[in-house]
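Read the structure below first, then the notes.
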Amino acid sequence: MSTQLNSAENRKVTTKRLKEMKEQKEKIAMITAYDYTMATLVDAAGVDVILVGDSASNVMQGNKTTLPVTTEEMIVYAKSVVRATKRAFVVVDMPFGSYQSNPYHAVDNAIKIMKETGADAVKLEGAQAIGEALRLIITAGIPVVGHLGLTPQSINQFGSYGVRAKEEAEAAQLIKDAHFLEETGCCALVLEKIPAGLATRITSELNIPTIGIGAGAGTDGQVLVLQDMLGMNTLFKPKFLRQYANLAEEIGNAVSHYVSDVKNVSFPSAEESY
Ligand code: KIV
């Protein structure tokens with residue numbers, strides 16, 4: 001069943017609309033997608049923001065981390081998503097290595113992503129350390145979504161996917177970083193796996209919308225990885241994940257039914273033949 005939207009809500013989602021949603025306390029629903037078919041379905045179901053996440057490295061490519069996916073590969077995923085999307089705001093993750101080494105390299109890569117995909121924004125992980133890259137990208141007219149807390153591109157430094165900013169010093173730094181991103185001109189901020197109270201405080205202090213994943217109910221919106229919330233990956237069950245379907249079982253049953261129909265020649269039938 002797709003969500004019924006009124007005419008104002010039916011408009012293409014823009015940076016202006018996201019700000020308006022925060023002001024009007026209307027929650028923002030964000031979800032990942034990496035291909036045309038899934039993007040068509042999630043857009044029609046009323047999702048506000050589609051994130052072409054670098055989680056594509058895990059869920060589409062089978063890598064252990066988000067680090068291996070390249071800019072060229074992200075562009076292929078993003079082009080397919082943009083082709084499918086009528087209403088949602090499409091954000092593309094800048095992958096590891098595409099923005100950290102040199103701010104000019106970063107702005108060139110952001111421009112390449114925007115030019116070749118037709119997406120609405122890019123997302124980068126981090127704050128002060130990538131400040132010059134953020135400034136150049138935003139000055140080029142590209143909307144940027146920030147990402148703080150558990151930033152998976154730094155997994156080798158963190159050493160685990162545990163909750164971030166539980167200690168006071170890290171929490172205080174995270175608050176400073178969030179303000180830095182707003183002052184630099186980011187249009188929204190993803191907060192991943194941090195205590196709910198901290199995410200609520202940041203949300204109340206910022207004018208830009210916050211989107212949480214494992215950050216409690218106090219953020220302006222929520223994001224989940226599509227394959228995880230559809231129950232396609234039975235091995236990944238963190239506490240924050242609500243599973244809305246069990247597609248691993250449904251797909252497994254459908255495909256094994258098909259295999260047995262082929263083996264016992266009950267597919268195709270005369271009606272399914274020319
Ligand atoms: O890549 C991704 O899917 C993300 C979300 C988890 C926020 O960055």
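Heads up, residue numbers simply count up from 1 along the chain you see.
Any Cβ shown, glycine's included, is placed from N, Cα and C.
What TrEMBL says about this one:
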type	residues	note
BINDING	Asp54, Ser55, Asp93, Lys123	3-methyl-2-oxobutanoate binding site
BINDING	Asp54, Asp93, Glu125	Mg(2+) binding site
ACT_SITE	Glu192	active site, proton acceptor
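Of the recorded residues, Asp54 (3-methyl-2-oxobutanoate binding site) and Glu192 (active site, proton acceptor) place their C-alpha atoms 14 Å from one another. For ligand 1, the nearby binding-site residues are Ser55, Asp93; that is, of Ser55, Asp93, Glu125, these have a C-beta under 6 Å from one of its atoms. The number of other CB atoms found within 10 A of the CB of Lys123 (3-methyl-2-oxobutanoate binding site), across every protein chain shown, is 22. Here the CA atom of Glu125 (Mg(2+) binding site) lies 9 Å from the CA atom of Asp93 (3-methyl-2-oxobutanoate binding site).
Residues Asp54, Ser55, Asp93, Lys123 are the ones the record ties to 3-methyl-2-oxobutanoate, and the longest Cα gap between any two of them is 12 Å. Summary of the Mg(2+) site environment: with the site residues Asp54, Asp93, Glu125 set aside, the chain residues having Cβ atoms within 8 Å of the Cβ mean position are Gly53, Thr66, Met94, Pro95, Phe96, Lys123, Leu124, His147, Pro152, Gln153. Cα of Lys123 (3-methyl-2-oxobutanoate binding site) to Cα of Glu192 (active site, proton acceptor): a distance of 13 Å. Here the C-alpha separation of Glu125 (Mg(2+) binding site) and Glu192 (active site, proton acceptor) works out to 11 Å. Each residue contributes its Cα atom, and for Ser55 (3-methyl-2-oxobutanoate binding site) and Glu192 (active site, proton acceptor) those atoms are 13 Å apart. Within the same chain, the residues at least 6 positions away from Glu192 (active site, proton acceptor) whose Cβ sits under 8 Å from its Cβ are His147, Leu148, Gly149, Leu150, Thr151, Pro152, Arg164, Gly212, Ile213, Gly214, Ala215, listed in sequence order.
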